[in-house]
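What Swiss-Prot records for this protein:
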{"type": "TOPO_DOM", "residues": "1-62", "note": "topological domain 'Extracellular'"}
{"type": "CARBOHYD", "residues": "Asn41", "note": "N-linked glycosylation site"}
{"type": "TRANSMEM", "residues": "63-86", "note": "transmembrane segment"}
{"type": "TOPO_DOM", "residues": "87-94", "note": "topological domain 'Cytoplasmic'"}
{"type": "TRANSMEM", "residues": "95-116", "note": "transmembrane segment"}
{"type": "TOPO_DOM", "residues": "117-137", "note": "topological domain 'Extracellular'"}
{"type": "DISULFID", "residues": "Cys134-Cys226", "note": "disulfide bond"}
{"type": "TRANSMEM", "residues": "138-157", "note": "transmembrane segment"}
{"type": "TOPO_DOM", "residues": "158-176", "note": "topological domain 'Cytoplasmic'"}
{"type": "TRANSMEM", "residues": "177-195", "note": "transmembrane segment"}
{"type": "TOPO_DOM", "residues": "196-233", "note": "topological domain 'Extracellular'"}
{"type": "TRANSMEM", "residues": "234-256", "note": "transmembrane segment"}
{"type": "TOPO_DOM", "residues": "257-273", "note": "topological domain 'Cytoplasmic'"}
{"type": "TRANSMEM", "residues": "274-296", "note": "transmembrane segment"}
{"type": "TOPO_DOM", "residues": "297-309", "note": "topological domain 'Extracellular'"}
{"type": "TRANSMEM", "residues": "310-329", "note": "transmembrane segment"}
{"type": "TOPO_DOM", "residues": "330-347", "note": "topological domain 'Cytoplasmic'"}
Amino acid sequence: MSYFYRLKLMKEAVLVKLPFTSLPLLLQTLSRKSRDMEIKNYSSSTSGFILLGLSSNPQLQKPLFAIFLIMYLLAAVGNVLIIPAIYSDPRLHTPMYFFLSNLSFMDICFTTVIVPKMLVNFLSETKVISYVGCLAQMYFFMAFGNTDSYLLASMAIDRLVAICNPLHYDVVMKPRHCLLMLLGSCSISHLHSLFRVLLMSRLSFCASHIIKHFFCDTQPVLKLSCSDTSSSQMVVMTETLAVIVTPFLCIIFSYLRIMVTVLRIPSAAGKWKAFSTCGSHLTAVALFYGSIIYVYFRPLSMYSVVRDRVATVMYTVVTPMLNPFIYSLRNKDMKRGLKKLQDRIYR
């Protein structure tokens, strides 16, 4: 019996012995291999990117879609309600609530830049984003996110003036000054985003176009570049320190001054009242900056895909979803504004 004939018989025997129950597993494996080959072919033949998302497990895609859809709707509806509630109640027409209404608007924009594309990718096979779409997402993500941080700093300054210098509050925090603070926050944030996107657009991308994240963030995209990214990484770290740390230090300084002033108040009731006006804002600051500091303020060599995804979900989805509850649950003025809005709707 020839060698080739014996080899043919052995192959047929193996096929006969293959259990029928293993066929679905075999088909699933072949399908996955085919999909992986399609992704590799796509990434090597176009200028687009593949977003791997939160998980590559096909069985988790629909549950994750449902979870993030609910979180997005809660964030959108909650922040949308905050804005008319503030503007419908004249007693909420103060600098603090002016900044809060704009923070709610920025939170809506911030989550909308990320989550809708994320939801589409949960139900998609290839999870494609174009090169221009990736840069656009990066630009608006940073613009709205940085504006959020400056608005949180503006709210801290408002509390500082209200508690430490109440007699000059109306002069310092008059509407014109508040509007200038808002315009300054937006201008600095958009200039920062433009600079970052121009820097990223100069990078070259070779074989792999697969981003190990659920959106186009700076560090995952830098990881893909076949250019020398040492200078880009240094510039990114430096200007990130300038843009993000500056409002954070402003918040820290404001609350240190507030703490010193409050501790000098003789009555316990007065101390509690002063601290209670800052509690919700401090909670929002801790949620927002805690995850941002973890994600951005460490070297690229320490980048971890899983931990970064979890931390990024915290400040891109969870914090905007929780902010309306944080600012309204223990706030009598906001509760009154929401009640007045409800009465107008159902009148």
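Even glycines carry a Cβ here, placed using N, Cα and C.
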Exercise for the section: Grab the same-chain neighbours of the transmembrane segment (177-195) for me: Cβ-Cβ under 8 Å, and only residues 6 or more beyond its ends, written as numbers and ranges. Expected result: 95, 98-99, 102, 138-140, 142-147, 150-151, 154, 157, 239, 243
Exercise for the section: For the transmembrane segment (95-116) and the transmembrane segment (274-296), decide whether they are in contact, meaning at least 3 CB pairs lie under 8 A, counting pairs 6 or more apart in sequence. Expected result: no
Fill in the blank from the handout: Other same-chain positions with a Cβ less than 8 Å from the topological domain 'Cytoplasmic' (257-273) and lying at least 6 residues past its termini are 159-160, 163-164
Problem - Contact ranking winner - 138-157, 274-296, 310-329 against the transmembrane segment (63-86), Cβ under 8 Å - result: 310-329
Fill in the blank from the handout: Lying 6 or more residues past either end of the transmembrane segment (138-157) yet within Cβ distance under 8 Å of it, the residues of that chain are 96, 99-100, 102-103, 106-107, 109-110, 113-114, 178, 181-182, 184-186, 188-190, 192-194, 196-197, 200, 215-218, 221, 243-244, 246-248, 250-251, 254-255, 281, 284-285, 288-289, 292, 315-316
Completion exercise
Counting only residues at least 6 beyond its ends, the same-chain positions whose CB falls under 8 A of a CB in the transmembrane segment (310-329) are 54, 68, 71-72, 74-75, 78-79, 81-82, 100, 103-104, 107-108, 110-111, 114-115, 141, 145, 213-215, 217, 280, 283-284, 287-288, 290-292, 294-295, 335, 338
Fill in the blank from the handout: Going by C-beta under 8 A and a gap of 6 or more residues, the same-chain neighbours of Cys134 (disulfide bond) are Gly48, Phe49, Ile211, Cys216, Val221
Problem - Close approaches to the topological domain 'Cytoplasmic' (87-94) from elsewhere in its chain (Cβ under 8 angstroms; 6 or more beyond its ends) - result: 101, 333-334, 336-337, 340-341, 344
Exercise for the section: For Cys226 (disulfide bond), just give me the three-state DSSP call. Expected result: coil
Handout entry: Other CB atoms, at most 10 A from the CB of Cys226 (disulfide bond)
Key = 11
Completion exercise
Across the topological domain 'Extracellular' (196-233), DSSP labelling yields 17 helix, 4 strand, 17 coil
Handout entry: For the topological domain 'Extracellular' (117-137), the number of residues DSSP places in helix, strand and coil
Key = 13 helix, 2 strand, 6 coil
Fill in the blank from the handout: Mean pLDDT across the topological domain 'Cytoplasmic' (330-347) comes out at 75
